[in-house]
Amino acid sequence: MKIDLNKVAREIEVDNRIPLRNYYRIADNLLRQASIYREEKNVVDLYIMLLRYSSLISETIPFHRDYQASLPQERLGSRKRLRAVINELESLKPEFNQLVDKLNRVEDESRQDGSDLPVVSYSSDAVEWPPAHKASYSRPDINKPLPTSQPSWTYNNNLTSSSNRTQIDQQFQKLSFDFLPPNQATLSRHSFLGPNGLKRQMVAPKSEIKVQYPSNTDWGSADNSGLIEAGPSSSSASLNGDSQEVSTLNSVLSLDDGRWQRHSEAVNSQFISDATEDPFQFVGMKQPSPPPVLAQVHQELAQICPSKVADPRPGPAIPSLEGKEGSNSYQHLHVPVRIMDDFLRLARSNTERNLETCGVLAGSLKNRVFHITTLIIPKQESTSDSCQTLNEEEIFEVQDRLSLFPLGWIHTHPTQTCFMSSVDLHTHYSYQIMLPEAVAIVMAPTDESTPHGIFHLSDPSGVSVIRNCQQRGFHPHEESEDGNPIYEHCSHVFLNAKLKYEVLDLR
């Protein structure tokens, strides 16, 4: 599909609830992605990451209320890197224009022929999962050779663009090195508190709405559809040394049933340093490209009464080609099949005491595909319906030391159903701001109909709702402006039976 720079590199609205340090971490992650794309000679994504970095440093971070008062070294360092980024953008601009023009010509020719460009997987041996709107699915023969595809610059967003050169020029015109302190009017426009700041009248939830977790009986029965597995896994050892039953891989791996393989092989990830002369000096990781399975989630869930719980029903997974105008184009994310069951075993003692457990998902990027390679169990405080991580800096230290991207989080609902509460949505908002591809995995072992789900905030609908919500604790949310669900099942996630990962328990 055509690349619209106004959307794939759009300005990020500042949220003063997010610490300024986290915004600089977002900038560092963008440069790390750019470093990987530079090494892989991926000019299109390299250009987009550099453009996002430029926008973040010049158009978002300076409007944070703590920008002038804190982190002076980060402020000076980011401005120095911005100069190098703009110089590289200028040098890449002609080649980027040529590649984009070529992509657009190919698409135009395809449309004239009356055919659509295929959805291309950026990993070899990928198994295409049927579109979410199809009512019935057929299971492939796992003994047949898996289809392969070569890396392509086809983007899976439903975007339209006029002149990409005009968009590029407009992006450059926005960039400036002279960051003057913003006046009060500017701050009020960019503040999540609105023009009235702290004086704004808080809107309390309606008194007749009672917010609580639903019981399992609130869910109606659903005809669960399964996932297509990528084929038998190679032999692997479990975390505790037990042998595996290969036959379980021949069952349907569904996010709506509980038949996951129980163990995983814990293997330390291999890392390499960027050998090229990179002014940003970030470390990339090399990972294998095993056969994935698209994490399609059944979408016909029985509706929960709105009086019982806030945001009870997620939206269905929307394939990229059917995405809404202005939505993000997410890069694929591979999740180890066994990581969910292993997490449940690690959380068993808390679950038996009706306490939630949470973990942080982190991993690598290779060939436009994110891979979850590390499950971090942080120090935490738990209740029956909440879980709070402690010592966030320790988590950041692990991610930085191992050069890992923050790819989301996972947590349990010991006795509740599988859904995202209002507290969960606010928690995931911080992850998705850090990286749009980040996911939230919910494990509900007592929910027989939907024991697990992989979700994220809809963008821009859900992200906007949570950004503008100033309430805390369990509360209902206003409906999004376009009427779309606040959160939805992920369409960019693949379950990978061969992906290896390690567990770091910091408790």
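Glycine too: its Cβ is placed from the backbone N, Cα and C atoms.
Remember, predicted model here, so these are calculated numbers, not experimental data.
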Residue among ASP424, ASP459 sharing the Zn(2+) 1 site, where Swiss-Prot lists HIS411, HIS413 as binders: ASP424
Matching residue for the Zn(2+) 2 site, where Swiss-Prot names CYS469, HIS475, HIS477 - out of HIS426, HIS428, HIS452: HIS426
Cβ packing number for CYS469 (Zn(2+) 2 binding site), 10 Å threshold: 19
DSSP three-state assignment (helix, strand or coil) for HIS426 (Zn(2+) 2 binding site): helix
